[in-house]
Amino acid sequence: MREVISINVGQAGCQIANSCWELYCLEHGIQPDGYLTEERKAQDPDQGFSTFFSETGNGKHVPRAIYCDLEPNVVDEVRTGAYRNLFHPEMMITGKEDASNNYARGHYTVGKELIDGVLDKIRRVADNCAGLQGFLVFHSFGGGTGSGFGALLMERLSVDYGKKSKLEFCVYPAPQTATSVVEPYNSILTTHTTLEHSDCSFMVDNEAIYDICRRNLGLERPNYENLNRLIAQVVSSITASLRFDGSLNVDLNEFQTNLVPYPRIHFPLVAYSPVISAAKAAHEANSVQEMTMSCFEPNNQMVKCDPRHGKYMATCLLYRGDVVPNDAHAAVATLKTKRTIQFVDWCPTGFKLGICYQAPENVPNGDLAKVSRAVCMLSNTTAIAEAWSSLSLKFDLMHSKRAFVHWYVGEGMEEGEFSEAREDLAALERDYEEVATDSMGDEELEAEY
């Protein structure tokens, strides 16, 4: 079986993971203590558990997950929470002092002490897998542990597991709302370090998800749990075809093959539909056509950028539940007639479909309604460069005055690393611009010779 190991780094990574595992357990019929519910026992025994769970001799299902944070508070909540008996206690690794929003502490000083222990635990989980497919790494770009320790971990995973897929789910700093002043520094430093080590990075930004929760779920003041449960639905959709049957299955390597035209351009934009509250669910038709169209509206996308200003290179549509291939193909045919959805000229077809027959689950008493079908769209678009440019601007404003730089240098970082990281990001923005420019000219020139 193709197993996937989840590694959750820092506060954001660990809290998103809590929502994800809560959802996986509901989907697979696993109780908070790790044992199957009675009705699930009566069904087909092999229900695709083994991708995310390993089964012990006495029938307990243990997540293939590792929690690591440089300070204990967030992981302690898992250790004492409703799912404390689900996770292996040794797979929760915490330090004594946090990274204080400082990339250099997470990557160099404090992180260095913890990394070998974490890799040792990863090795133990990996040895338990028959055919390890890859890693999902959850972390934020703005925090100290998420950015610094996350980057260190990606570097070390590349050394130890070079051939395995490494997919990241990153919480990207929102354009308007910031949790710390030095987010632009941390984000650009971690992007620079992980650019060559990550195969595919799915970015979500808090502001975009706040807006989706406010608009679609009618929550005036969404909290992190509301946001994380929405992100969990996306992660579940992306991994559903690894766990359940479907007519068009997609595995981790296929994501890269279909979404990443060049190694550096690996930041797909994520959208999910329908996000709908229980109160409104009964009044909506929620047809395949409607769902598919709504994924292309900027309002439903999980990073603040406008895809109408960019061009698409590739798009994956992952359907779940009561969807027949015919409807999906019809929806895509309609999309292709739309003038607003522009593809780069060197990739005219650009749509990859996945269908998984397992209907989406919802958390009891949660905000999301129970729906019979859903779609998650992953699209590689040049518009995501907008997100980078707004971040670069903030970085430049601070770095021109060398503000806060001494905190990083004091933790053993070279000051030159800032300029190096900034140049790398400028190169990434240029890469996106080049991809968007029409490439027909070169071919015509070649044809003349």
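Here the Cβ of each residue, glycine as well, is placed from N, Cα and C on the backbone.
Among the candidates Glu71, Glu290, Glu297, the residue that Swiss-Prot annotates alongside Gln11, Ser140, Gly144, Thr145, Thr179, Asn206, Asn228 as binding GTP is Glu71. Long-range Cβ neighbours of Glu254 (active site) (same chain, at least 6 residues apart, Cβ-Cβ under 8 Å): Lys352. It is Gln11, among the binding-site residues Gln11, Thr145, whose Cβ has the fewest other Cβ atoms within 10 Å in the structure shown. Listed in sequence order, Gly10, Gln11, Ala12, Gly13, Gly146, Ser147, Gly150, Cys170, Val171 are the same-chain residues six or more apart from Ser140 (GTP binding site) with CB atoms under 8 A from its CB. Spanning the listed GTP site, residues Gln11, Glu71, Ser140, Gly144, Thr145, Thr179, Asn206, Asn228 have a farthest Cα to Cα distance of 22 Å. Counting Cβ atoms from all protein chains shown, Asn206 (GTP binding site) has 24 others lying within 10 Å of its own Cβ. Fewest Cβ neighbours within 10 Å among the binding-site residues Thr179, Asn228: that distinction goes to Thr179. Annotation note: Glu254 (active site) sits in a helical segment as assigned by DSSP.
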